[in-house]
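What follows is a set of notes on a single structure, which appears directly below.
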Amino acid sequence: MSTAADERNARAPWALTAPALMLFVGVLLIPLAMTVMLSFHDWGQYKGIEPVFILKNWHEIATDPYYAEMFWRTFRIAILTTLLTALLGAPEAYILNRMSGRWKSIFLLVILGPLLISVVARTLGWALLFGGNNGLVNKLLMSAGVIRSPIPFMFTETGMVVALAHVMMPFMVLSVWAALQRLDPQIENAAMSLGAGPVTIIRRIIMPQIMPGVLSGAIIVFSLSASAFATPAIIGGRRLKVAATLAYDEFLNTLNWPLGAAVATLLLVALVLIVVGSNALIERRYAEVFR
Amino acid sequence: MAYLELDRVAKQFGAQTVVDDFSLAVGKGEFISFLGPSGCGKTTTLQMIAGFVDPTRGAIRLEDKNLAAIHPAKRGLGIVFQSYALFPHMTAAENVAFGLEMRNVPRGERAERVRAALAMVGLAGYEDRHPRRMSGGQQQRVALARALVIKPSVLLLDEPLSNLDAKLREEMQIELRQIQRTIGTTTILVTHDQNEAMSLSDRIVVMSQGKIEQIGTPQETYERPASAFVSQFLGKTNDFAGTIDRTVVPTQLVAGSWRAPAPAGLSGPVTVSVRPERIGFGDAGLSAKIMTRIFQGNHWLFQCDSECGPAIVIRQNDGQAQPAEGDAVRLTWRPEDMSVRARAGA
């Protein structure tokens, strides 16, 4: 009797999670597995995709320096974007946290702004400001005589980093802000009463405590930037490809699906490794603050 | 000469007066409590001494130096916060050492003083623990050690025991008093707990709505409350409506069927306050009926319905027979055990 009941109880969680599990398997795991399998298939200009198992695509990615350069560029842009958002976002969150009620909500909206605007409008807005000779900022600076030739923005890594940092900023600010909420409201007064000046308070008391927030924000920003498509596609175009835009081109322009699948798989694996690895490091390093 | 002096200090937030006309002279080594319900301005007063809040009016002097002119970081006061405000990313020893580090105390001396401070609060051996791995009581001790290790001129305690459970709170009260006596630091405690204030302090400042109601020793404030608020706030009390009858000679104070020679200086309607433990059962006096009788181990608690309204009586459990529920009794007390105030609005 009781064993039958136990068995039924043991099955219940599976039965209850089955619908969500099926959705997860159906729309995520199966396509993902198929993409991985696809990366081992062969492809030819005239024969199309051949469902055989060969390492041709992976060999090409491993040996052709074009891919190494492209992946290196992808991660370089992601790292620079992450650094920029951390350097600007952490102080921004700190200032936001010290604002009083009404101003706080207004500026929170300003910070969330980039997420509310369509990626195309936002990125083209940057292009209007900096694009070539006709960009507003470039025109202004040139007519003022500050610069002779326009600051290159379109089709540059700088442009990509700036535009990505703009849209990623909310993730960093919110993540640091969450860490600031955990701070004891009296902690700065406590440090002050012990004789610490404002710089020491920030460096010795605030920074170590919001570091987990900065780092988890950094993980979000890094993984979103490394796999970003729309912003690099508009600013970098065909000239400056990153992993996501390359995979897109292989799929839809060259129609070399297996190679595109290999690029996508490699990006996914690299990102998972980086994110899981750094997350483990952070949790070990900041165990005391996380508790 | 006063060591720490608050001279007509006031604080306004917008139109709201949080502290008004607060004057107090604290002697060196004294233990003072600011006692009052939440929102009475006691914490604001403490924060003005600490320097986190600037007074709107008045002066605060420490050894005749104007404290307002000194930056909070340079005042050299030790503060224990209600939430302890320990630095969670530092060990207990690092927390305690922080103030010494800010004072550029050499490393060797620093380690020695940190060790001594932690030992003083009973946390020897806990040097490398992080605050979040410690119990509330232990965190509280670290906070106390951190405040005391810098040898503060004044120790400010902002409801430091309110987050502890009752038993631990009692232990910490005794310990806090012992430590304070040993090192002789002038101490100001903010609390809403009258027992805490009474058991710890040399003098209590009872506050209500930003104003001082009474300053006195625990005994004075309990036995001779200066206002109705103080007598209500400090322990339980019975308030009976009475009148002073000047038509008879000698003049008499009458409350129901209880009467006594009238005190000088008052006439007309008055309020008679008597502590429950000062009321006894007698042959004459206020007639009352016992509604409930509660046994509480070392004492009995009687809730009575008297001719002047409800009354509480506490009798020591001294082995004598006590009246039962429903009994008609006479309540009586000695004239020196009551305080009589003019009754407003009657």
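Glycine too: its Cβ is placed from the backbone N, Cα and C atoms.
Remember, TrEMBL labels are computer predictions, not curated facts.
Quick caveat, the model's predicted, so the values are computed rather than measured.
According to TrEMBL, the transmembrane segment annotation covers A:12-34 (among others). Sequence-distant neighbours of the transmembrane segment (A:12-34) (same chain, 6+ residues past either end, Cβ-Cβ under 8 Å): 268.
If you look up TrEMBL, you'll see A:71-278 marked as domain 'ABC transmembrane type-1'.
Annotation comment: TrEMBL describes A:75-94 (among others) as transmembrane segment.
Same-chain neighbours of the transmembrane segment (A:106-129): 92, 96, 99, 135-137, 153-154, 159, 162-163, 166-167, 169-170, 173, 230-231, 234-235, counting only residues six or more beyond its ends whose CB sits under 8 Å from a CB of the stretch. Sequence annotations record features per position, and here TrEMBL assigns transmembrane segment to A:106-129 (among others).
With a threshold of 8 Å between CB atoms, the same-chain residues lying at least 6 positions outside the transmembrane segment (A:160-180) that come near it are 77, 80-82, 84-86, 88-90, 92-94, 96-97, 111-112, 114-115, 119, 122-123, 126, 153, 209-214, 216-218, 220-221, 224-225, 228, 231-232, 235-236, 240, 242. Here TrEMBL flags A:160-180 (among others) as transmembrane segment.
The annotation transmembrane segment is assigned in TrEMBL to A:213-235 (among others). Beyond the transmembrane segment (A:213-235), the same-chain residues lying 6 or more positions past its ends with a Cβ under 8 Å from any Cβ of the stretch are 74-75, 77-79, 81-82, 85-86, 89-90, 93, 119-120, 123-124, 126-127, 153-156, 159-160, 163-164, 167-168, 171-180, 241-245, 248, 267, 270-271, 274-275, 278-279, 282, 286.
What TrEMBL lists as transmembrane segment is A:255-282 (among others).
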